[in-house]
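> Mind having a look at this structure? Questions to follow.
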Amino acid sequence: CYIQNCPRGGKRSYPDTEVRQCIPCGPGNRGNCFGPNICCGEDLGCYIGTPETLRCVEENYLPSPCEAGGKPCGAGGRCAAPGVCCNDQSCTMDSSCLDEDSERQRVSPDQNMTQMNGSASDLLLRLMHMANRQQQQTKHY
């Protein structure tokens, strides 16, 4: 189970069980499941509701708690990819996940040929923030 959706008693109902890494997913199993429909990896980014996430549903049926990602961020989330914070339900852009001192290793340019220069990365991050704000404004509660 994902730590956020474990059965009654939550992760504390498993006192003798260590929290394990959530199951791998995505191309070449280079990512980890963050929720039943979310697969993220340092060099993959995040897949949400795509075929790459199908395996993540299996985590709901495993009895021991798992936790994916790097350092805590956002509202109950963890850093999932550079600049991305995810919980078991959704992902948001989060600049704290760009921190050079994060618990996750940075991907070297020779491992990731799609890495952008600083200005392109900044522009993409700003566009994602604007899209996220616009999406939040259109939600009705």
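Glycine residues also receive a Cβ, built from the backbone N, Cα and C atoms like all the rest.
In case it helps, Swiss-Prot gives these features for our protein:
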DISULFID  Cys1-Cys6  disulfide bond
MOD_RES   Gly9  glycine amide
DISULFID  Cys22-Cys66  disulfide bond
DISULFID  Cys25-Cys39  disulfide bond
DISULFID  Cys33-Cys56  disulfide bond
DISULFID  Cys40-Cys46  disulfide bond
DISULFID  Cys73-Cys85  disulfide bond
DISULFID  Cys79-Cys97  disulfide bond
DISULFID  Cys86-Cys91  disulfide bond
CARBOHYD  Asn117  N-linked glycosylation site
> Quick check on the disulfide-bonded residues: of Cys46, Cys56, Cys85, whose CB has the lowest count of neighbouring CB atoms inside 10 Å?
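Least crowded of the disulfide-bonded residues Cys46, Cys56, Cys85, by Cβ count within 10 Å, is Cys46.
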> For the disulfide-bonded residues Cys25, Cys33, Cys66, Cys79, Cys86, which one has the sparsest Cβ surroundings, going by other Cβ atoms within 10 Å?
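Ranked by other Cβ atoms within 10 Å, the disulfide-bonded residues Cys25, Cys33, Cys66, Cys79, Cys86 bottom out at Cys66.
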> Would you pick out, from the disulfide-bonded residues Cys22, Cys91, the residue whose Cβ has the largest number of other Cβ atoms within 10 Å?
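Counting Cβ neighbours within 10 Å, the top one is Cys22.
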> Using CB atoms and a 10 A radius, I'd like the single residue among the disulfide-bonded residues Cys39, Cys97 with the highest neighbour count.
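Of the disulfide-bonded residues Cys39, Cys97, the highest Cβ count within 10 Å belongs to Cys39.
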> Would you identify which of the disulfide-bonded residues Cys40, Cys73 has the most other C-beta atoms lying within 10 angstroms of its C-beta?
Cys40
> Could you check which of these disulfide-bonded residues, Cys40, Cys56, Cys66, Cys97, sit within 10 Å of Cys25 (disulfide bond), going Cα to Cα?
Cys40, Cys56
> Can you tell me the CA-to-CA distance separating Cys97 (disulfide bond) and Cys39 (disulfide bond), as a whole number of Å?
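Cys39 (disulfide bond) has its Cα 16 Å from the Cα of Cys97 (disulfide bond).
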